[in-house]
Structures are given as C-alpha cells and as structure tokens.
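Quick look at what Swiss-Prot annotates:
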type	residues	note
ACT_SITE	R238	active site, proton donor
ACT_SITE	R293	active site, proton donor
BINDING	R238, S271, R293, G322, V371, W433	(Z)-N-(sulfonatooxy)alkanimidothioate binding site
BINDING	E387, D391, H395	Fe(2+) binding site
DOMAIN	2-144	domain 'Jacalin-type lectin'
REPEAT	178-226	repeat 'Kelch 1'
REPEAT	231-277	repeat 'Kelch 2'
REPEAT	281-330	repeat 'Kelch 3'
REPEAT	332-379	repeat 'Kelch 4'
REPEAT	381-435	repeat 'Kelch 5'
REPEAT	446-471	repeat 'Kelch 6'
Amino acid sequence: MVQKVEARGGEIGDVWDDGAYDGVRKVYVGQGEDGIAFVKFEYVNGSQEVVGDERGKKTLLGAEEFEVDPDDYIVYVEGYHEKVFGVTTKEIISTLTFKTYKGKTSPPFGIVSGTKFVLQGGKIVGFHGRSTDVLHSLGAYISSPATPKLRGKWIKVEQKGEGPGPRCSHDIAQVGNKIFSFGGELTPNQPIDKHLYVFDLETRTWSISPATGDVPNLSCLGVRMVSIGSSLYVFGGRDASRKYNGFYSFDTTKNEWKLLTPVEQGPTPRSFHSMTADENNVYVFGGVSATVRLKTLDAYNIVDHKWVQCSTPGGSCSVRGGAGLEVVQGKVWVVYGFNGCEVDDVHCYDPAQDKWTQVETFGEKPCARSVFASAVVGKHILVFGGEIAMDPKAHEGPGQLSGGTFALDTETLKWEKLDKLGEEEETPSIRGWSASTTGTIDGKKGLVMFGGKAQTNDRFGDLFFYGVDSA
C-alpha cells in the first residue's frame, strides 16, 4: 500500500509530483543563499531507472549527491522550513537529511534553521512538493507493508510453593520448562537474598534450587541474567554498600555455580545494566558503575571463554542504565533507557560489521522510559511498563511509572500498542523495575514478567505472561 504524505513547508510555488516507484536510488540537493534551491531524484522502477525533473533552480554552488545502495532504501527524511523576509515573504526548505533502512545517513544539506518536520512511515518511493527558484515544500510517497498486527493476550500465571515473593530490581531467565529468578530488593537499596529460585511450569510451583560450586558471594540488586542452552549467565548487581558481583554461570543440569570472571577482571563492575544473548555470546550494555553511567557493549563468547569489547556507539547514543537490550535476527538492539532523564531513542549494533546505527522509529511509540519489561518474538521487540519520570528521592521512591504493552517491528521500524479495549482487567498493573525474559508457556512464545515496583513504592510478587497468538 502506497500513501501520499502531504508536503511540509510553504504553500507558494508551482506544484510538482514525481509519482511513486519501487524506490529511490539517488538524491541531488543544491543550496542557495537562503536554503535549499534545488532537488532532483533518481528512482528505480523494476529494471528501469527513472530520472526525475529538476525542482527549483541550481545555483553556482552546484549540487551534492546522496546515493542509496541497491539493497537498501530511504525510510526517513528530516527537514526544516522557515520564513525568509525580503521584498516578499516566502517560506522555504532550509535543511534536508536522508536516512536509509540500513542506517546510511546523508550529511545535513543546508543550514539547520526553522521548524523541523519529518517524513517517515515505511519505504519512501517518491517525492512531491512546491518550488519556484527555491524549494518551498517537500512531501513523499511511502510504501507500508500490509502486515498483520501482532496479536496476543496477557494471563496471570498461578504460583505455588516457596517463591521469591514481592521484589524488584531482580532478573529472570527460562531454561526448558523452568523459569529462574535471582537477586532483587524488597526495601529500596537492600538486597533480599542470593537464592536461585526455580519455577516449574508444569506444576506451577516455586522452589529454591540446590547450589554447589562458586556460589555468588553477594546478595545483589540491579543484577542481570540470561540463558544459553542449559546454562544461566549472571553478571553484575550490587549490594547495599555498592560492592559488585562478577560474572558467573549456573549449570541447571548439575545445579552448579562457576565463577567465570572475577569482578576485577571482567567488564567494568556495574548494576542496572542490560543483558541479552544469542547462541554463542552474552552481551552486556550500559548500566551504572560506582561513579558513572556507561554505554559500552561487551560480548562474552561461551565457546572461547573470552570477553571482547565491541565498538562504542557514537554521540547519538548517550550513556544510560535501564535500557531494553535484545538480539533480533543476529543484531543487538538498544531500546530507550535513562541517562539522567528518560530517553526514547533506539540503536542497533551489527556484530558482523562491529557497527552501530541509530534507528528512527514511528507509529504508536511508547513515551520515553526505562526499567521496563521486554522480550523478542520473531522480528518484534515487546515492551511493557517502566519508569517515565525519576522520583525526587531517586531509587528510594517509586518515580512515575507506566503501563502499556507495545511492539516494535524491527523490519518496518513501526511501533504498535497491543492493549485492547475491554481487556484492561487482564493487563498487569502499571510498574517498573520488573524482571522479564523471552519465554514459552503452554506452547506460546512471548513476554514473561515477574514482580516489579508499584506506584505506591510497594513491590509486586505476581507472574504474568503475554503469549503471542500471531505475528
């Protein structure tokens, strides 16, 4: 489906329309005295190349070129328009920047000045607008795939046995038909225990796992845990005096802990970081050290038993804690987080190229937040809840918390809100600082969420599952 998005900018000048094609291959932009004087686009239509007309008037400054790779396409145009006063007042486009799906970004053509506008929503396949001897406005044709909305449902999972009880700032991971929980607090900044709890999905019963080997020496909060195969991997977290844990594995078949990296030998000790894994690597991103917030990404290969520090994201990705971190189709995604305030940007790391890309998303975007629940189903990243404003007492207080279930399609870069009218009673209460993992319950894959901090500053001890019916 191709949608014509109205032109943004001024309302004077001759109307022009290039139409819609299969994609945009080249962009030419010429600057003038006051802003963008000239644009021209080359398109691809099947096996044919279509060259659009020159829009505006080329000046002695010439034109700059932005080329799109054959296996890529433009998904985002950022521009600015402003009024220029002279013999007559006219509104012109002062700046244009183009970004592709794979992260290739043009330089900003022109001088950033005026009112910002954005053209996005899918694959951009054509342009239209108004011009005289300058460019007054720009719109686009955008192709959006007719993909079905992700469908699912929240259920509250029955719990029996000796469980973790109410807590937040802990983590969970699933191995087979068991969910494991480790760390956390009931009272702010006071870790509860260092038991490893195990929930049997067949009997819906909690118990404390027997533990041998190098049992972690600290009860901790702000800890992170992931699973690969039959093993759990636990990194970081702190106690009340801000001592930190190292990096451990737990063999769920032997109930045996192993210290893989002492705290002084691995990545910077931290808490409230983010962790995820693929088949061979554990990834650790960001978090809060004893002195500063971080934005480094470290990878531990479980075959080589070695840590590698990946490239550090550029300036567009700020230091942060409480971000979502997920692996989707081989790439590592950083979603939102807290850098002194809540942020709503998304970044993607490609391990094969050791390269970061800031991703521009659209749709029913959740507002800026951190310490939310997250999971991956297919190409979608699911999120629920989180903190949307820090408490004046920092971690001692609840902050302003949120609810809402959202999905980010990592191919179209579109957010959708999944909550349905009439099903509010089945949706978990608003919360943040909960533990979450991608899990499978009763044959469905989805988001498993346990505990968290309530708006009253109490702690939850409930277990919820958002099972996906279709994607």
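We number each residue from 1, going along the chain as drawn.
Every residue gets a Cβ built from N, Cα and C, even glycine.
What you see is a predicted model, and the numbers here were worked out from it, not measured in a lab.
According to DSSP, H395 (Fe(2+) binding site) is assigned to a helical segment. Two recorded stretches are said to be in contact when at least 3 C-beta pairs lie under 8 angstroms, sequence spacing 6 or more; the repeat 'Kelch 6' (446-471) and the repeat 'Kelch 3' (281-330) fall short of this definition. Per the record's binding annotation for (Z)-N-(sulfonatooxy)alkanimidothioate, residues R238, S271, R293, G322, V371, W433 show a top Cα-Cα distance of 17 Å.
For the pair R238 (active site, proton donor) and S271 ((Z)-N-(sulfonatooxy)alkanimidothioate binding site), the Cα-Cα distance reads 6 Å. For H395 (Fe(2+) binding site), other Cβ atoms within 10 Å of its Cβ number 18.
The Cβ of R293 (active site, proton donor) has G286, G287, V319, R320, G321, N339, G340 as same-chain neighbours under 8 Å, each 6 or more residues away in sequence. Separation of the C-alpha atoms of V371 ((Z)-N-(sulfonatooxy)alkanimidothioate binding site) and H395 (Fe(2+) binding site): 12 Å, rounded to the nearest whole number. Put simply, H395 (Fe(2+) binding site) is 12 Å from G322 ((Z)-N-(sulfonatooxy)alkanimidothioate binding site) when counted between their Cα atoms. Between D391 (Fe(2+) binding site) and W433 ((Z)-N-(sulfonatooxy)alkanimidothioate binding site), the C-alpha separation comes to 13 Å.
Around the Cβ of W433 ((Z)-N-(sulfonatooxy)alkanimidothioate binding site), the same chain contributes C168, S169, V371, E387, G452, K453, each under 8 angstroms and 6 or more positions distant in sequence.
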